[in-house]
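Participant: Sharing a structure, written as C-alpha cells. Questions coming.
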Amino acid sequence: MLKYALHSGGMPRNRLLRQLSAYIFRRSYSSNIRNIGILAHIDAGKTTTTERMLFYSGKTRSLGEVHRGNTVTDYLTQERERGITICSSAVTFPWSGNRINLLDTPGHIDFTMEVEQSLYAVDGVVVVLDGTAGVEAQTVTVWTQADKHKLPRLAFVNKMDRPDADFDKCVNDLRTKLETQPVCIQYPSKNQDGLLAINDVITLEQLTWQPKDLGRSYSKTKLEPSDDLRQLQEKRNELIDQLSGLDDELADVVISTESFDNVSNALIERALRRATCQQKVVPVLLGSAYKNVGIQRLMDAVNTYLPAPEERNQIYDCFGNEVAGKVFKIVHDKQRGPLTLVRILRGEIKRGMRLICSRGQAEVVSKLYEPLADEYREVGAVQSGDVVICAGLKSTVTGDLLTSSQTALRNAQKRLKQSQGTVSADEDEELDTDELFGIDRQIPDAVYFCSIEPPSVSSQTAMEQALRQLQREDPSLRVSYDSVTGQTVLGGMGELHMDIIKSRILSEYKIDVDLGPLQIAYKETIESPSLTTLSVEKEIAGSKQNVSLTLEVVKDHDELFSLDKSPENLSNLNTLRPRTLQVIRKGSVSALERGPRVGGQVVDTQIRLHNAIIGRGTADSFVMATAAQCVQKLLSTSGTRLLEPIMALQIVAPSERISGIMADLSRRRALINDVLPKGERNKMILVNAPLAELSGYSSALRTISSGTASMTMQPSGFSGMNAVDESLAERRVQGLE
C-alpha cells in the first residue's frame, strides 16, 4: 500500500493523507487479530482442542465433548452422531488482548476440499498430532496443503496423558516424514501426583494444571536444581543455538554475551516468532485436550508466534483501499438463507454494501454477522484482516473473490503485474494472477458416483434445489444429468461423503432420497491416435446448416485442444474467427466427459483441429454439436482403455496379524510398498490397492485382525487395468456383477 501511495505522482495531498491514515488504522486494528486453522488426522483430538479454547477464553460456559455430542464447532446432526468434523466451522473468541478467529476443519480424507478452501482464510495453522500415533496419513495431506499456502504453523502433540504416548517419536516424525524443522519449547513431565505436567524450555518452569476446576488454572513452579533442570537448561541452550543460526538479532546478542544464561526470554520469543513466520521452524507444544492440560499455553503460543493479518497476504496490497474478500465457506440457515463466510483481505465490508464476485455477478450484503459456529451476532461493519459472515449473497460460491467492482479487480491485477515487472496483459498472465488471488479453484476428481432419485415426482424440484445449495457449500460434490438413463448423478470423494449428503438432504430438507449403488469413478484414455472428417448438413426452421470438421485425437497430458498449424491446414484455420474456434473447442472437449466404454471421463487425450468448413448462417449450437459428435466417433474408432482409482492405505496391526492381512491384500490386487515397525508390538503396512477391491474392507480388516488393526485410506491417482479386470469393471457398471 505504502509503495503505491509514495509513487502516486500528483495525487492531492488530502487524499494521500486519508489513504495513509486508513492504512495505519488497518494495520493497528488487525495487529490484534489471529486467523488460524486447526488441522489434523481424524481422531487426533482437533475438535476437543477447539472446544477447550472456547471454554478457557470464556466464550462457552461448559466443556463440549465429542463423545457426548454437545460440541460447538461440530454442530451438524451428522457430526454429533458420528463424532467427526464434516464441515469447517468458524468461531471467534478473545485471548490475552487479541481476537482469535479459528477454523476447525475436517480430518477425514473425504472432506479435504473443506480444508483447502479454509486455508485461504487463515494466516497460520495449528497441526494437532495424536501423541500415541505421531504423523499419520491425513497429517501429511493437510501439511502439504499448508505448504502450498505457505502458512506458518505450530505443532501440538495431544493425548500426552496416555501411557503409550511418545513425544520424541512425534517430534522425529515431524522432522523425517514432513521434512520440517521442529523446535521443542515444551517437554512432558509428571507432577507430584503422577499427572501430566509440562516443562517450559524458555522459562525453565514446570506448569501444572488443576483438575478440580477443569483446568481453568495452572501453577508455574521454578525447577529446583536437579537432573530435570540440567536437562531443560541444555534444551534451552540448544534452542538458542538453533535460533541464532536463523535470526540475526539473536545471533548478535549470542556473539556479544558470555553465557546463554544471559539471553532473555523475550529475545528468544522474538527470534522464534520471526523464524516461525518465515516458516524456518515449527514450534512444538504438548498437552492433553481431554484432560484439560496445556491449552492456555497453546493459545498463548498462537498470539506470540503466529502472524497477524498485516504480516501476510501482501499480494493484496495492490487493491489499495478497495475491498478484497475471499469466500471460504457457504452454509444455509433456515431463517437467514445462504450465509457466506468471508475473510476480508483488504478494505472494509459494511452492511448494505454492493460487491462484485470474481465471476462478474453483483451482490448486496444485507446483514453482517460475527461467527460462532451456528450462532450469529449482527455487526455493522468489519475491517480488513477479520472474518465475517455475509447474508444476502445469492450467486457467490465457495472460492470466489469479492471486490468493490470489476474495475477494482482489473486495476489490482494491473498493479500486481507492474510491481512484478510485467506490463503486458496477455491471457496467460491473466490466469497467473487468478491463481495468485486464489480465484482458480482446483476441485479434486470424484472417486465414487451414484444415481439419486426423489421419493416422488413432486419432490424432484425440491431435491434439485437442495443439491444446488449443497453444491454451493461443497464444491467437491458433483451433480450431473445422465441423458442416457434420465437420472441425476452424484459424484463424491468417498462412501462417507455420499452417505453424509443423503443424510443431510433428509435432516435439513426433509426429502428421503434414494441413492443407487455406489459406482467406481473409472476414467478412460485412448489406445492410439485416430483422425476423421465428419460432414453434417441439415435444414432447421428453413435455415440451411452445414459443417465439415476434420479432427484427430492423440495422447497428451497437458493440452485438451490444439490446432494443426501445418502448411496445408494453416490457411484454412486462419480464416476461422476466434468465436468459432471457441465453439468448436467447447463442443469437442464436452465429448471427453463421457467415454464410450463405461461413460468415464476421457483423460490424457488431446483433440487436434485440422480443418473446418462452416456454411454461412450456421448456428453456433449446430457447430458445437457436430464437434462433439465427431469426437465421439473418434473415441469409438480408436478405442479406449479403462483407468481405475487407486487408494493409498496405511494399516497398523500387531506383528502376529501381519501375515493374514497381507495374504488378504494380495487377493485384492494390492501392491505392498513397505512394512515398517510401529512401536514394540505393531507393524505398519504401506500399500496401494484398487478402490474396486476395497468395498467393505474396514469390516474385513476387523475380522482378520480380531479388531486389533486400524487403517487410513486416501486417493493416490489412477492406474491402467488388464483386459480381464476391464471386462469385470464393465460388467459392474452395467449392473451384471
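Glycine too: its Cβ is placed from the backbone N, Cα and C atoms.
Straight from Swiss-Prot, here's the annotation block:
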BINDING   40-47, 104-108, 158-161  GTP binding site
DOMAIN    31-310  domain 'tr-type G'
TRANSIT   1-29  transit peptide
Participant: Mean pLDDT, the domain 'tr-type G' (31-310)?
Facilitator: 86
Participant: When DSSP states are folded down to helix, strand and coil, where does Ala40 (GTP binding site) land?
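Facilitator: Looking at the DSSP assignment, Ala40 (GTP binding site) belongs to a strand.
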Participant: Tell me the Cβ neighbour count for Asp43 (GTP binding site), meaning other Cβ atoms within 10 Å of its Cβ, over all protein chains shown.
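Facilitator: A 10 Å sphere around the Cβ of Asp43 (GTP binding site) contains 19 other Cβ atoms.
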